[in-house]
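These features come from TrEMBL:
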DOMAIN    54-499  domain 'Major facilitator superfamily (MFS) profile'
TRANSMEM  49-67  transmembrane segment
TRANSMEM  95-114  transmembrane segment
TRANSMEM  126-146  transmembrane segment
TRANSMEM  152-169  transmembrane segment
TRANSMEM  181-199  transmembrane segment
TRANSMEM  211-231  transmembrane segment
TRANSMEM  338-356  transmembrane segment
TRANSMEM  368-389  transmembrane segment
TRANSMEM  409-431  transmembrane segment
TRANSMEM  451-471  transmembrane segment
TRANSMEM  477-495  transmembrane segment
Amino acid sequence: MGIPDEKRREVKVREGYVEQLGDDITKKIAAGEISELVVVAEGEERTTWFVWLLVFCSSISGLLFGYDTGVVSGALVSIGSDLGPESLSNLQKELITSATTLGALLGGLTAGILSDAVGRRPVLGIADILFIAGAIGQAICHTVWAMIGTRFLIGWGVGIAACVAPIYIQELSPTRLRGRMVVINVVAITFGQVVAYGIDAGFANVHGGWRWMVGLGTIPAGLQLIFLFFLPESPRILLRRGHVDQAHGVMSKIYAHASADQIDFKVKVLQAAVKQSVEIVQTTTFLERFRSILFVPVNRRALIVACALQFAQQACGFNTLMYYSATLFKEIGFNQPTAVGLIISGTNFLFTLFALKYIDTIGRRRILLWSMPGMVFGLVLASVAFHFLTRNTGNVLVDGTRYSHGWSGMVLFSMIAFVASYATGIGNVPWQQGELFSLEVRGIGSSLATATNWSVNLLIGATYLSLMAHITPSGAFGFYAALCALSYTFVVFCFPETAGLSLEEVRMVFRNGFGVRESKQLRKVRMERTAEDRAGDV
């Protein structure tokens, strides 16, 4: 599985060795002998201002994603009778939150496919327009159904942003920093949730304050819409359209410290990989490519992994905590439930920063193996705490009851432990999904994986309050713990390591199964070679 030393020495461009490779780069790539990763560029480990600017502008999509999913928690306890009924029923709350998820499901299904057709950047612009329209609509609505409709519109924007922003960032990031750059988008999601909870707390005691909560989402969306006019398209999309000079210009800015020969060869290798994808696209229909992701073993294994990780992210019940945390903490006796919710979102944000620093060095697989047991522990502890908390109320939560401060505090502690573990691993890793697919099916694969995320989110979010009522809070969190443990088993046996591998190279891992062992060996070779290169430069 490793690349022979003589091949690696051929690929390393230091003094202008491009001619030594001949004209059969495409064949070498197809054989797995060359990937963009082993084309070593000077200063490749350093992130340029250009890349930071691209990533931060793109990550506004993540901030909007987090803000619009988090802000509803405070809005639900502040709406009161503003939408007609004296107070919102559990069913109405579930419909308002689930409308966003349903919209995100549909948006995620179409986003990747649409971005393959028209490019990543225009599709992000469409998401911003939907964010703006939905935020304004929510702020001025006066009926429950109008609120549901505008939350559905926001959901489309969320689904599009969740699918396309990570792909766009991956394709514009240096290979060795790709994971970290995508995690910045996840950091933006968690920061958006922190901002949402902060604004919720600030407007909690203001009459009609929930309208400000939802309406302020127009500001970041408007800013990103302006920034998109100045951002470049993905080099892979540009090469697919035949715009080699434009792609070369973008790559020169991404690898600003590299020599001209190194940039030329980076582009040649990438162009050869893209050429293979273009040939497939030009000689097949969309339906044939859709079939290929289901029936071609390499693509199917990548899809199974991507969808399973997205399932795991939502089946653990995390987003229900985001949607209903203020409602939950109010029921168990906290006087400032929105402020307590801010503790949860703050924990999520801080531990996502940990993942930002270490996801490429520790690796995707290892970080999940370390963090998911902590999620199971937090959920089991929550289940036990809820059991003892609600013993005197028939094992159900009754609003207005004075519960034990000790067990209420234990619930909060268990939630913090769960969220910290979630943010470190499964909250980040599934959004690296674009790296699992080859270019010709990347949009389709990412759309299907994102749709899996939102489908499970929809199911969990729409049943959370009913589940709490019918099988008790203790049973609900025990159920989430069991699903989390099941997902951990999948990671142990089926999730390969992809950190440090190029987007084109990851495909090799799935040739003969799920490639858990092969991916470890391949990453070891890469790390050893990187250490040799650094030692040679000293």
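Each Cβ is built from the backbone N, Cα and C atoms, and glycine gets one as well.
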Tertiary contacts of the transmembrane segment (49-67) (same chain, 6+ residues out, Cβ under 8 Å): 124, 127-128, 131, 157-158, 161-162, 164-165, 168-169, 172-174, 177, 181, 184-196, 217, 220-221, 223-224, 227-228, 231-232, 253-254, 256
Give the nonlocal contacts of the transmembrane segment (409-431) in its own chain as ranges (CB under 8 Å, at least six residues past its ends). 162, 166, 182-183, 185-186, 190, 306, 309-310, 312-313, 316, 318, 321, 325, 329, 332, 334, 340, 343-344, 347-352, 354-355, 359, 364, 367-368, 370-375, 377-379, 381-382, 385-386, 389, 449, 453, 487
Distant-in-sequence neighbours of the transmembrane segment (338-356), which means Cβ under 8 A and at least six residues beyond its ends: 70, 73-74, 77, 180, 183-184, 186-187, 189-191, 193-194, 196-198, 200-201, 204, 321-322, 325-326, 329, 367, 412, 415-416, 419-425, 427-428
Are there residues at least six beyond either end of the transmembrane segment (368-389) with Cβ under 8 Å to its Cβ atoms? List them, or say none. 316-317, 332, 362, 395, 403-404, 407-408, 410-411, 413-422, 424-426, 429, 472-475, 477-478, 480-481, 484-485, 487-488, 491-492, 495
Under 8 angstroms, Cβ to Cβ: which one of 181-199, 211-231, 451-471, 477-495 has the largest number of such pairs with the transmembrane segment (95-114)? 451-471
Using a cut-off of under 8 Å between C-beta atoms, tell me which stretch among 181-199, 451-471, 477-495 contacts the transmembrane segment (211-231) the most. 181-199
